[in-house]
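In TrEMBL this protein carries:
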TRANSMEM  12-30  transmembrane segment
TRANSMEM  71-89  transmembrane segment
TRANSMEM  96-117  transmembrane segment
TRANSMEM  123-144  transmembrane segment
TRANSMEM  156-173  transmembrane segment
TRANSMEM  179-197  transmembrane segment
TRANSMEM  204-223  transmembrane segment
TRANSMEM  257-278  transmembrane segment
TRANSMEM  290-310  transmembrane segment
TRANSMEM  322-346  transmembrane segment
TRANSMEM  353-373  transmembrane segment
TRANSMEM  415-435  transmembrane segment
């Protein structure tokens with residue numbers, strides 16, 4: 001069922017999604033660098049226009065606003081998450097996309113969830129950046145259709161100014177998304193030129209916006225410090241690009257980028273099996289070398305997913321030894337290549353090659369800059385995860401467009417709604433407990449300050465594995481920032497404990 005025509009059910013499902021996300025976002029606590037942004041430190045950064053801090057001007061302004069109003073923060077989070085789901089549906093043009101997107105997003109790996117969604121500073125950079133980027137992808141996605149609407153291949157002046165602005169916004173939030181948007185801008189111009197023999201002014205305007213935004217971002221003095229390894233926190237390729245890339249890959253990227261996406265990877269694998277089984281039924285080519293290549297690709301992906309699942313269950317909280325890391329990192333490369341080969345072969349056979357190729361390149365390009373910088377965290381992989389969801393849905397579209405699957409659509413929707421409902425209740429229970437404990441501990445601290453005490457115990461929050469830097473420890477920089485954010489005197493010492501001593 002396509003998305004032509006919006007009915008009451010469409011409005012209702014997005015309204016429910018928005019309200020639920022708003023309620024959940026309201027419960028998220030301010031933590032870590034939120035305490036700096038929401039205090040005088042954030043205003044001091046603004047007064048220097050973030051000089052020698054970062055060129056994430058749009059992201060910085062967003063977090064400055066969101067750390068000063070829980071209402072505004074909750075609205076922004078609800079709009080962005082619901083908006084991402086809506087934009088994915090606009091790209092796929094099928095109503096089932098809503099259910100696939102929301103299920104896969106609710107199964108976001110916990111490390112990415114706590115850093116990119118729950119943490120306001122992380123959300124302001126990593127969720128907003130992919131949200132705004134998807135707006136442009138929706139605008140240009142039709143060019144990859146097998147039979148595009150030629151009426152759209154016209155010079156359009158009206159969108160030019162908004163597209164320049166969007167290009168600048170998309171390159172002033174976070175660096176790897178900045179570079180992705182520059183590549184996206186020029187790639188679209190080249191693609192349209194070679195396929196349609198035209199250069200559209202609207203695409204040129206977007207690219208011009210990305211160039212202006214990128215130049216402005218990297219004009220910030222902090223990037224000179226980073227490039228010369230004088231920043232003290234961030235650096236680039238200290239031991240050479242190749243050695244840094246290998247270190248980043250085996251230390252962080254293979255796990256956060258691909259292996260930890262357990263549910264998403266299993267979903268993609270299941271869709272690939274559905275495609276392969278139906279391909280074998282339809283095609284006489286399935287028994288030749290091409291069919292064997294597809295079978296090998298599926299075999300590699302199956303082994304990899306089984307290993308990933310066992311690794312997650314058995315070694316999720318264990319420090320892995322070097323040999324195991326090398327094996328897993330190498331297996332990730334093999335599984336990734338197998339997935340791309342399988343998807344592209346099926347895309348050629350079932351006529352959506354350019355869409356699949358575009359999304360696959362986007363997934364790779366979004367993460368490419370992360371090989372050269374240090375440090376990188378789980379939050380950096382939220383944009384890539386969203387693009388992986390789009391990739392999974394493009395594979396689903398192969399199934400929907402080419403095969404007759406004897407499965408009741410209503411049953412699939414009910415299963416998806418059940419999963420999402422249980423997941424949302426689970427998260428609401430988790431973060432309701434966090435919200436209550438967070439407010440109780442600040443009330444406790446303020447009562448002790450009013451009583452004249454200088455050494456005060458601060459209780460750890462429940463479910464801290466779902467929260468990034470939730471509790472300031474004595475003597476850390478977070479202790480000072482926590483006290484600034486909540487207007488606690490700096491001469492008060494906070495000692496973090498799990499249980500109050502009295």
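Along the chain as shown, residues are numbered 1 onward.
The backbone N, Cα and C atoms fix where each Cβ goes, and this holds for glycine too.
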Sequence-distant contacts of the transmembrane segment (156-173), meaning Cβ under 8 Å and at least 6 residues beyond its ends, amount to 55-59, 62, 125, 128-129, 132-133, 135-136, 139, 181-182, 185, 200-202, 205-214, 216-217
Among 12-30, 123-144, 290-310, 415-435, the most Cβ pairs under 8 Å with the transmembrane segment (71-89) come from 12-30
Spatial neighbours of the transmembrane segment (204-223) not adjacent in sequence (6+ beyond its ends, CB under 8 Å) are 50-57, 136, 159-161, 163-172, 175, 178-179, 181-182, 184-186, 188-189, 231
